[in-house]
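A.B. asks: Questions regarding the structure given below will be posed in turn.
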Amino acid sequence: MNKDHTLYCSVYIRNAFFSEIGIGISANSCLLLFHTFMFIRGHRPRLTDLPIGFVALIHLVMLLLAAYITEDFFMSSGGWDDITCKLVIFLHRFFRSLSVCATCLLSVFQAIILCPQSSHLAKLKQNSPHQLSYFFIFLSIFYTSISSHILIAAIPTQNITFVNLIYITNSCSFLPLSSSMQHTFSTLLAFRNVFVIGLMGLSTCYMATLLCRHKTRSQRLQNSKLSPKATPEQRALRTILMLMSFFLLMSTFDSIISYSRTILQGNPLPFCFQILVAHSYAAVSPLLVLSNEKRITNLLISMYEKIVL
């Protein structure tokens, strides 16, 4: 293991990552509190409110774990025992897997909601919440099981003289896999990512097509080049499309950086940038949702009127 990893990671990257975590924790907390408050006040929830709130909860826990891991990466001299090392790294990977699966579920669920009655997907509308719940459980188990080798490969680095350890933090590293095992896991990881990202990409393209059709039809009805005022459903669809597009973009960057790490094994900078990219979706996604949520403005106005009156 290269002990100079933290020296090469610039202080700017460290500050950027802690800023990213701080913003992400604050934004996800606000989004989760907003949905909780709307539920307590008795507002009728949208069909996508529960998945979005669930994603916010997953991201909140994931970022808290990431903050604990990053503190050991940048500041600690290494003090985790074997159980802490395996548990923290596995839980962090587990919640990252839940984030991917829940985002995929949200994309598919929104596509089913928006599909016309003539579509084959319309048959899934009535039972979609239950069917998608089973699909989410299956996808999460499948997605997480491919990373289950972490429980064996993750080891504390205190008083260990192994060479060629894969660096994670000052306290924890991965044992190198054999060439056959590495090839097997690489194939499974590639299949997993292609399946999930492909499914998400198809549903995103489908929603974008529906949005364009609806916009064109509205312009024809109004006989004007100016598009009519966006409905709440259209704003929700645009929010989902922005989330999916940003997620696909960050996933592509993450894959590129992961590949570069295999080529530049002695250079820690790709690992530092991968930390930033891997958590950017969890930090930015609640901001995208909050910025397009008109109910927040209405809620603040109603609370202000009650206070004034």
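Note that Cβ sites are derived from N, Cα and C of the backbone, with glycine treated the same way.
Note that this is a predicted model, so its numbers are computed, not measured.
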A.B. asks: Under the annotation given by Swiss-Prot, are Arg295 and His43 positioned on the same side of the membrane?
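C.D. replies: Same domain label for His43 and Arg295.
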A.B. asks: Consult Swiss-Prot and report which candidate among Cys9, Cys172, Cys205 shares a disulfide bond with Cys85.
C.D. replies: Cys172
A.B. asks: Ranking 20-40, 94-114, 135-155 by Cβ pairs under 8 Å to the transmembrane segment (188-208), which is first?
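C.D. replies: When the Cβ pairs under 8 Å are tallied, 94-114 comes out ahead.
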A.B. asks: Can you tell me which of 50-70, 94-114, 269-289 gets the most C-beta pairs within less than 8 Å of the transmembrane segment (135-155)?
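C.D. replies: Looking at each of 50-70, 94-114, 269-289 in turn, the most contacts to the transmembrane segment (135-155) are made by 94-114.
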A.B. asks: Tally Cβ pairs under 8 Å between the transmembrane segment (94-114) and each listed stretch (20-40, 50-70, 269-289), then give the stretch with the top tally.
C.D. replies: 50-70
A.B. asks: Which residues of the chain, 6 or more past the ends of the topological domain 'Extracellular' (71-93), have a CB below 8 A from one of its CBs?
C.D. replies: 5-6, 9, 14, 62, 65, 144, 147, 150-151, 154-158, 168-172, 275
A.B. asks: When the topological domain 'Cytoplasmic' (41-49) is classified with DSSP, how many of its residues are helical, how many are strand and how many are coil?
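C.D. replies: Here the numbers are 1 helix, 0 strand, 8 coil.
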A.B. asks: Can you name the far-off residues of the same chain, 6+ from the ends of the transmembrane segment (50-70), with a Cβ under 8 Å from a Cβ of it?
C.D. replies: 17-18, 21, 24-25, 28-29, 31-32, 35-36, 88-89, 91-92, 95-96, 98-99, 102-103, 105-106, 109, 168-169, 275, 279, 282-283, 285-286, 289
